[in-house]
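**Student:** Pasting a structure here, questions to come.
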Amino acid sequence: SILLNKTRGKGSEVFGCANMSILNVFCGYLVTSFDNLLRNGNLGIGHTRYSTTGISELQNCQPFVVDTLHGKIAVAHNGELVNASALRKKVMRHGVGLSTSSDSELITQLLALTPPMEELDTPDWVARIKNLMTETPTSYSLLVMYKDVIYAVRDPYGNRPLSIGRLVPISKLHSSGAGEADTEGWVVSSESCSFQSIGAKYYREVQPGEIVQISKNGVKSLIVVPRPEGDPPAFCIFEYVYFARPDSIFEGQMVYTVRQRCGRQLAIEAPTDADVVSTVPESATPAALGYAQQSGLPYVEVLCKNRYVGRTFIQPNTRLRQLGVAKKFGALTDNFAGKRVVLIDDSIVRGNTISPIIKLLKEAGATEVHIRVASPPIRFPCYMGINIPTKEELIANKPEFEDIAGYIGATSVRYLSVEGLVSAVQGGIESHGKDERISTKSSRFGHCTACLTGKYPVELEW
């Protein structure tokens with residue numbers, strides 16, 4: 001059997017799934033919905049989302065399921081189209097109505113349109129997907145389900161991640177001896193960290209521009225759609241900084257290891273006199289350990305995280321984010337009272353979280369709190385699937401940023417440079433060798449740093 005799973009370990013506002021036995025979308029809590037998927041077929045896709053475009057309503061729940069001339073298709077999408085407005089107009093000019101505000105429905109309707117050269121009785125889904133990739137360059141990872149086949153698709157720039165795993169017997173889950181003959185099914189996920197919990201082993205990433213067919217006959221790479229000549233890939237560097245779980249694998253390297261390298265680079269670029277190094281748990285912990293190793297300072301825990309509070313960054317409004325901060329942390333006073341603390345954070349986006357943490361530590365006895373950020377200042381909005389909607393919300397664009405330490409109550413504040421972040425990320429990719437399908441070093445890897453530099457990988461269309 002083949003089970004396709006596209007879920008992210010990031011929290012969600014809504015979860016949905018569909019299978020080919022009944023092709024309905026179940027929406028609700030992830031565990032309940034996924035159980036419905038498993039009971040009703042051997043082929044299916046699921047999706048968790050928080051809104052970047054479209055509002056958090058049931059009608060925007062994915063996967064999207066539509067009728068075509070050749071039967072139903074279901075589509076799950078991660079990302080955000082940079083030219084969605086122009087595409088909406090194009091679809092509507094074909095007489096197709098759109099019932100939601102999500103660009104994921106737009107992708108589904110574009111796939112449902114019959115290409116001019118297609119024979120009436122034989123749908124060419126690869127040609128339709130290629131046509132979609134021609135119409136919109138980024139940002140999307142897709143699962144397209146039709147009858148007994150699923151297509152896993154990544155845009156030519158590889159902006160959003162997508163990985164393939166093999167379902168294997170539990171007895172061989174942690175064994176290096178599990179070969180192709182042990183494969184019981186295939187799974188696809190935005191992050192490889194989800195594989196182990198369902199009895200799967202990481203197989204490989206879907207390459208930028210690649211269309212992969214998954215069926216009862218296994219996994220088959222059909223085609224790699226190229227980028228415009230000279231354009232490098234543009235994998236979202238913020239996945240390494242914050243968004244991904246630390247045990248996920250991207251570009252042949254574990255996120256945890258990359259974050260440690262960022263911490264070591266930060267210690268080189270922004271040293272300080274202090275007594276202990278600590279972290280804002282949990283995504284900054286690897287960077288804090290790297291900083292401590294490089295600086296020679298001891299690492300201690302200064303904050304206790306309430307694990308029953310979700311991520312404040314992805315809450316849909318400021319009030320919910322601020323309420324989340326208020327009940328998220330407690331101080332481990334014995335570890336730092338009377339000491340100078342270097343506190344490592346992975347990023348400061350809006351500045352809502354860090355200020356009350358600094359106040360908490362000082363009130364609990366820290367004599368100094370030096371903030372070191374394992375990423376550069378975020379200055380520009382993301383239009384490719386990350387919830388950084390406006391320049392005005394970003395602390396790096398406010399007048400207070402000129403004295404950011406005074407504004408948030410810290411003794412000092414320093415950020416990792418863009419060059420330092422890129423070198424920490426790409427140094428590990430170089431050590432994993434060259435993908436045989438990619439011909440030149442210049443096109444082997446590249447990362448989108450638009451939220452840091454304002455240099456977007458493609459021209460934005462509105």
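Placement of Cβ uses the backbone N, Cα and C atoms for every residue, glycine included.
Per TrEMBL, domain 'Glutamine amidotransferase type-2' is recorded for 1-217. The annotation [4Fe-4S] cluster binding site is assigned in TrEMBL to CYS236, CYS382, CYS448, CYS451. Annotation source TrEMBL lists Mg(2+) binding site at SER283, ASP345, ASP346.
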**Student:** I need the CA-to-CA distance for CYS451 ([4Fe-4S] cluster binding site) versus ASP346 (Mg(2+) binding site), whole Å please.
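**Tutor:** Counting only the Cα atoms, the answer is 15 Å.
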**Student:** With Cβ-Cβ distance below 8 Å and at least 6 positions apart along the chain, what are the contacts of SER283 (Mg(2+) binding site)? List them in sequence order.
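**Tutor:** SER283 (Mg(2+) binding site) has long-range Cβ partners TYR242, PRO246, ARG259, ASP346.
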**Student:** Ten-angstrom check, please: count other Cβ atoms within 10 Å of the Cβ of CYS451 ([4Fe-4S] cluster binding site), all chains counted.
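**Tutor:** If we count other Cβ atoms within 10 Å of CYS451 ([4Fe-4S] cluster binding site), we arrive at 26.
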**Student:** What are the sequence-distant neighbours of CYS236 ([4Fe-4S] cluster binding site), meaning same chain, six or more residues apart, C-beta distance under 8 angstroms?
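**Tutor:** Result: SER139, ASN159, ARG160, PRO161, PHE243, MET384, GLY385, ILE386, HIS447, CYS448.
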**Student:** What's the most sparsely packed of the binding-site residues CYS382, CYS448, counting other C-beta atoms within 10 A?
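**Tutor:** With the binding-site residues CYS382, CYS448, fewest surrounding Cβ atoms within 10 Å: CYS382.
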**Student:** Average the per-residue pLDDT over the domain 'Glutamine amidotransferase type-2' (1-217) and send me the rounded value.
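**Tutor:** On average, pLDDT over the domain 'Glutamine amidotransferase type-2' (1-217) sits at 79.
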**Student:** To see if you understand the setup: which same-chain residues, six or more apart in sequence, place their Cβ under 8 Å from that of ASP345 (Mg(2+) binding site)?
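**Tutor:** Spatial neighbours, sequence-distant, of ASP345 (Mg(2+) binding site): THR279, VAL280, ALA284, ILE354, ILE371, ARG372, VAL373, ALA374.
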